[in-house]
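Some features that Swiss-Prot has for this protein:
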- GLY7, LEU8, ALA9, GLY10, THR11, GLY12, THR13, SER14, THR15: ATP binding site (BINDING)
Amino acid sequence: MIITIGGLAGTGTSTTAKTLSQEINIPFISAGDVFRQMAVENNMTLLEFSEFAEGNDNIDKALDKRQAEIANNSENLIVEGRISAFFVNADYRIWLKAPDNVRAERISYREDKSLDTVKQEIAERTASERKRYMEIHDIDIDNLDIYDLIINTDTFNIESTVNIIKKCIENKK
């Protein structure tokens, strides 16, 4: 079974993917893992590769292609990434969401930054990603039609979120 888990920064995609992976004993990869692997392959630090990727659409395309290839060569895998659902032939596509203020609080705590700074960064990052995904892939990240399940992670804690996903997977047609 191939499962994708996507969501904007601070919605809990990494935590959910890791926890689900442990509970159902299916490995997971994240877009971040693949990005770090690509940095190593290009003999760059993560920062150098990030800066290189900013001006090079081919990096985004290669990252998406790599995730799809890994998933296509796997029988069971959880793929975590903002737009992985659009590139991976998944059995189940999940989108996690949370209000902007909740996302900002989570990131502020995780990264030990001021809430105001994080709110500004989230606004800029979301606008940048929205524009980039549309320009590079013709993907509107606000259109959630591709997803089988959408969960508000402000409403449910991690345990409940994972339980909802497990129940839905068990009952999928």
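Any Cβ shown, glycine's included, is placed from N, Cα and C.
Burial estimate for the binding-site residues (THR13, THR15): highest at THR13, by number of other CB atoms within 10 Å. DSSP assigns GLY7 (ATP binding site) to a strand segment in the three-state reduction. Of all the binding-site residues listed here (GLY7, ALA9, THR11), the one with the fewest other CB atoms within 10 A of its own CB is ALA9.
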